[in-house]
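Student: Before anything else, here's the structure in question.
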Amino acid sequence: MAPPLRPLARLRPPGMLLRALLLLLLLSPLPGVWCFSELSFVKEPQDVTVTRKDPVVLDCQAHGEVPIKVTWLKNGAKMSENKRIEVLSNGSLYISEVEGRRGEQSDEGFYQCLAMNKYGAILSQKAHLALSTISAFEVQPISTEVHEGGVARFACKISSHPPAVITWEFNRTTLPMTMDRITALPTGVLQIYDVSQRDSGNYRCIAATVAHRRKSMEASLTVIPAKESKSFHTPTIIAGPQNITTSLHQTVVLECMATGNPKPIISWSRLDHKSIDVFNTRVLGNGNLMISDVRLQHAGVYVCRATTPGTRNFTVAMATLTVLAPPSFVEWPESLTRPRAGTARFVCQAEGIPSPKMSWLKNGRKIHSNGRIKMYNSKLVINQIIPEDDAIYQCMAENSQGSILSRARLTVVMSEDRPSAPYNVHAETMSSSAILLAWERPLYNSDKVIAYSVHYMKAEGLNNEEYQVVIGNDTTHYIIDDLEPASNYTFYIVAYMPMGASQMSDHVTQNTLEDVPLRPPEISLTSRSPTDILISWLPIPAKYRRGQVVLYRLSFRLSTENSIQVLELPGTTHEYLLEGLKPDSVYLVRITAATRVGLGESSVWTSHRTPKATSVKAPKSPELHLEPLNCTTISVRWQQDVEDTAAIQGYKLYYKEEGQQENGPIFLDTKDLLYTLSGLDPRRKYHVRLLAYNNIDDGYQADQTVSTPGCVSVRDRMVPPPPPPHHLYAKANTSSSIFLHWRRPAFTAAQIINYTIRCNPVGLQNASLVLYLQTSETHMLVQGLEPNTKYEFAVRLHVDQLSSPWSPVVYHSTLPEAPAGPPVGVKVTLIEDDTALVSWKPPDGPETVVTRYTILYASRKAWIAGEWQVLHREGAITMALLENLVAGNVYIVKISASNEVGEGPFSNSVELAVLPKETSESNQRPKRLDSADAKVYSGYYHLDQKSMTGIAVGVGIALTCILICVLILIYRSKARKSSASKTAQNGTQQLPRTSASLASGNEVGKNLEGAVGNEESLMPMIMPNSFIDAKGGTDLIINSYGPIIKNNSKKKWFFFQDSKKIQVEQPQRRFTPAVCFYQPGTTVLISDEDSPSSPGQTTSFSRPFGVAADTEHSANSEGSHETGDSGRFSHESNDEIHLSSVISTTPPNL
C-alpha cells in the first residue's frame, strides 16, 4: 500500500521571506566589514634540528582578513627565495637541502615569519634551525684498580646537538644493565658496586645521536683480591653531586657515590628544609637522585648524606640545581581606540629565568624611543597620537630559553570638523639658547581654535626627549629658550579646538648659536723622564663644549715662582710634552678651551712633581683612566707599560676633592688594575694620582682629574626608594671567606630591615653563578669562596616592600692558600772557604703565592742537637749566602716557602761538605766575603770543581808555552847579536838607527846598531798588549780568583835587554801580594801588582764588575741570574749591607 501523501506546505508571505533573508545575510561569514577579525597566527615556526642535505619545513599560518602576505626573516634580515628556499602557499618555509657550516652559506640561525594585511603586520616567535653535531670526547674512561668488594666508577662526557645517548661496552660487548650493582647514569657515568673478579676487563662508552656515533678509548678495571679481614673506616663520598643548570621539563641526575665499611646509607635532603617532590623524583641505582619533568619548584640546593649504619658518622656533599624557564606573560597589552593628539598606554609584563628582555614592535618592526614614544620596562606610552600611529603593536619577551609575543591594535579616531594644520611655520635663531618660532593660523575652522601647542626636540641622535609648550590662540609666535648651544632642533605646531586637535604642521629645523665652553677639559699628567711632563686631556663632552673647540690655552709654572708660561695649541690637539724642566720640582698646570666665541673657564691648577734625577731605574708611570660610575662613585683603571722592566712591588693611590686635603695612600697589589672610589659627593671635581713603587723608591706618578655627575631622581615611582647601605667594607678572613661590614642608611622610620648581599668573581660571564645572601645584620662572613680570587660585593636593603639600589661595588680578594709544596731545584755551591751560595726555584704551581722564604742550615753536630741557623728572604729573591762556615764540617740545608696564610713544607735536605783549609792556600786567599762583596763575586766566581780544574790546566799549559817561546827568543837574540858584532868589526854594513826606536830601552838600541842583513829580526815579536789572539780573544789574564785586564802601559821585555843586566836584575825582581779594593759606588777592582818599595815598576790592572760583562760565566752559573735582585744577600731581611774592602793575594805564577 502506498504511503499517504504529505500535505503541501503553506505559502509564506513575501515579508517573512525578506526578513529571513536579511537574518541569513547577517549571520553569514561574508568578507569585508562583516567578517573582520584581528590578524593572528594559527601556527608558528618551532625549533628544529636536522642533518646536512636534509629537507625541512618551518610552519607559519596566519589568520585574518585576506589578502595576507607572509615573508620570512633570518637573524632579523629579510630572506629571498631561490632554488633551495621556497615560501609555500600556506606561508610555510621549505628548504630542500639544508646547508651546513661547510657550505658557502649556512642555513643555521633564527627564523621568523611576518604576516601582513591592510590593518598592519605581526611577527612570529623565533625558531632556531640547528644542525646535528657532535664533538670529540671531553672526558673519557680512565683505567683504575679497585679492591674486591669496593666500588668502581667510569665517566664519559661529550657535547652534541641533540644530546647524545651514552651506552657502555664491556670487552667490546654491550654491558647488560640487569644487575642492581651496575648503574649507567644518563650523564655518562658508569657505577659498579661490590666489585668482583668477574668485573675485570675493558670498558668503553658509545655516544650516539640521530646522525653520529662515537666510541671512547678503552679503560681497564683491575680487581685486587680482598684481605681476609676488613677494617672499619668512615664513609667517604668519592663522587658527589655537581651544580646543574637545566631547562623546564628536562630530566636531571644528581650523582652520589660513597664508600665505607660497613657500607654507608645514602640519603637526600634540601638545604632549605623543603620536602623533595616524591612524584617526579626517584633513586637511581645506589643513591643517585633522578628528577624527571623538572619544574621551577625543583630548583634549590640538594644535600647528599652518607651515613654509617647505626652510628652518627656521616659526610655530606651538596650541589645547586638551577632551573631555567622561557618567558611567560603575566599581563598582556589590550587594543585601544584613541583620538588624534591623545595618549595611548600599553602594559605588558612577563616573567622567566633568566629575567626576559622586553621590547616593542610596530607592524613587525622594532620601536625606538623618541620624543613622543617612550618605552619603560613594562609600558609603551605614545603621546600626541597622529594618524600614522594606527597600527598593530607587539610586546616581545625574550631570554635564553625562547621568545614569546603578544599583540594589540591602536585605532586612531579622526574628527571630521577638525581645523586644518597651522602653516608657513618658520624659525629664527635669537642666541645660543633661544629660537623664535612663528606660524600662520589654519585655513579652515581657524575661528574655533582655542590653543596651540609647540613641540620641539633635538634633531640629532636617538631617544631624544620631546618637549611641549601650550600657548593661547591670541598669538602666532613664541620664543623657546633654555636650549643647548650649537644644537639643531626640530619644531612643529598643533592647533586645538573643542572637538579635537588638528594635524601636525610641517616640521622645521633650526640651530642655536655657539657659546664659550661650559667647563675646561680634565687633564692627566705623567712623566717619562725627570725633565718632562706629558699633559693629555680628553675632548670636552658635547653637552659642555657648546660649539667647536678651536683652541686650547696651556699655562704652567713652578710652584715656587709667579711667572706663568702660556702655550696655545690647535683644537685638534689632545696632548703636549713639556720638556727641559727641573728634576724633583713641583709644577702647576692648567688648561682653557675656546670656541669661535671665546675662551671658557680655566681649570684649577693641577700640581705634578717631576721625578728625581737618579741612576736607579724607577717604575714608569701607569696609564690611568678615570670614569664616573654614578654620582658618588668613580672607577679607577690603569695599565702598566709593557716595556717597563723595573720591578714593581705594588701601587699607591691618592685622591682628593678640589680644595680639600688629600686622602691616601691606598696600597694596591701588583695584580690590581681596577679600584672603585665610593662615597664621593655629586657634582664635585676630584684629583687622583697613582704611582708604582718597589723596595727601592717610588716610581713616576700619573695625575688626572674627573668630575662626578649629579644624581638623577627615580622616575615613575609614587614612593621614592630607600637609600642604599653605605661604607661597605670588605676584609679577607681566610683563603675561602671574606668579612663584609656596612652602615645602615640614616633613616629611622622603619625598624625591620633586611639586606641582600651580591657576590661574584670579577669578570664573571655566567649570571646564574652570582651568589645572593640574606641577612638582617649589618655584617656577614661570606664563605665558600675560591682562594686567591678577586670578588666584587654589593649590598641593598629591603624595607616596607621597597628595595634600595645596590650600594657601590667593593672589590676584594681572598687570601692565597699556604704553599702546598716546597721550593724546588735547591742547590748549594761553595764559593769561598767559609761561604756558600744556596739557590732555589719557587714551588711548583701557577697559583702559589710566596712572600717569604725560610732557610735552615746547620752542621751535622748542630743538627743532631737541634740547633739550626735561620735566614729569611723576600719572596722575590731565590738565593742567599751562607757565611762563617767552619772548615771540615758537613752542613745540611733545607728551605721552605710561606705567605701571609701559612708556611709550606720544607724541601729535602741538601748536604754541603766544607773541606779543611790547606796551609799553603790559606795565606793566599781572602778569608771572608761579606754580603756586598758576594754580590760582586757571585757574577764571576760561581764555578764548580770541574771548571776550576780545567782553568788551572789551561793556565799551566799556556805558561809553559810562553816560557819555551821566551827561551827560544833569548837564544836567537844572543846568536844574532854575536853575528852583528862580527859584521861591525869587519865594517861591511851598518844598521839604520830608526830600527833602534822599536825596542824598549836605550841599551837594546845600542847593542843592535850595525846589524844590516837582519833588520826584520830586530822588530819586537810581541806587541805591547799581553798577547795577540788571531781568533779575536781579549787581553784577559785569569788567575784562581777571576779575570783581570792588564793596563796598557809600556813594559820592558826581558829578551830586548842586555843579558848581563838581566842577570843582575833578575834576583831583585819579586812579586808582592796584590791588594784588591772594592770601592763602593764605583764597583771597580784595582790590583797593585808591584811592591810600593819599587816605584817605576808599577803595573796596574783594573776591571769594572757587572754581571752583564761575564758572558761566559752566565752560561755556566745556575741560579745566580734567576731574579732581578740576585746577589742581594743579608742575614736578616732588614740588615744593612756594608761595602768593605777585600784583601787578596796574587798567585806566584802571575
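Here the Cβ of each residue, glycine as well, is placed from N, Cα and C on the backbone.
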Student: Of the candidates Cys304, Cys395, which does Swiss-Prot name as forming a disulfide with Cys348?
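Tutor: Here Swiss-Prot pairs Cys348 with Cys395 via a disulfide bond.
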Student: Where does Swiss-Prot put N-linked glycosylation site, among Asn243, Asn488, Asn733?
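Tutor: According to Swiss-Prot, the N-linked glycosylation site annotation belongs to Asn488.
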Student: Looking only at Cys156, Cys256, which is named in Swiss-Prot as the disulfide mate of Cys205?
Tutor: Cys156
Student: Report which of Asn313, Asn630, Asn754, Asn766 appears in Swiss-Prot with the annotation N-linked glycosylation site.
Tutor: Asn630
Student: Using DSSP, break the domain 'Ig-like 4' (327-411) down into helix, strand and coil residues and give each count.
Tutor: 3 helix, 52 strand, 30 coil
Student: Sorted by position, what residues of the same chain at least six away from Cys304 (disulfide bond) have a C-beta under 8 A from it?
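Tutor: In sequence order, the residues whose Cβ lies under 8 Å from that of Cys304 (disulfide bond) (at least 6 apart) are Ile237, Gly240, Pro241, Leu254, Cys256, Ile266, Ser267, Trp268, Gly287, Leu289, Val316, Ala317, Met318.
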Student: Measure the Cβ-based neighbour count of Cys60 (disulfide bond), defined as the other Cβ atoms within 10 Å of its Cβ.
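Tutor: Cβ-Cβ neighbours of Cys60 (disulfide bond) within 10 Å number 26.
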Student: Return the member of Cys60, Cys113, Cys156, Cys205 nearest to Cys348 (disulfide bond) in space, with distance defined Cα to Cα and candidates limited to these disulfide-bonded residues.
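Tutor: For Cys348 (disulfide bond), the closest Cα among Cys60, Cys113, Cys156, Cys205 is found at Cys113.
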Student: Looking at Cβ-Cβ distances, which residues of the chain lie under 8 angstroms from Cys156 (disulfide bond) while being 6 or more apart from it?
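Tutor: Spatial neighbours, sequence-distant, of Cys156 (disulfide bond): Phe137, Val139, Gln140, Pro141, Ile166, Gly188, Val189, Cys205, Ala207, Ser216.
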Student: How big is the Cα-to-Cα gap, in Å, between Cys395 (disulfide bond) and Cys60 (disulfide bond)?
Tutor: 19
Student: In DSSP terms, helix, strand or coil for Cys156 (disulfide bond)?
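Tutor: It is coil.
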Student: Could you say which of the disulfide-bonded residues Cys205, Cys348 has its Cβ with the most other Cβ atoms inside 10 Å?
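Tutor: Checking each of Cys205, Cys348, the winner is Cys205.
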Student: What's the number of neighbouring CB atoms sitting within 10 A of the CB on Cys256 (disulfide bond)?
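Tutor: There are 27 such Cβ atoms around Cys256 (disulfide bond).
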Student: For the disulfide-bonded residues listed here (Cys113, Cys395), tell me which residue's CB has the most neighbouring CB atoms inside 10 Å.
Tutor: Cys113
Student: Reduce the DSSP letter at Cys60 (disulfide bond) to three states and note it down.
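Tutor: Once the DSSP labels are grouped into three classes, Cys60 (disulfide bond) ends up as coil.
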Student: Restricting to the domain 'Ig-like 4' (327-411), report the mean pLDDT as a whole number.
Tutor: 88
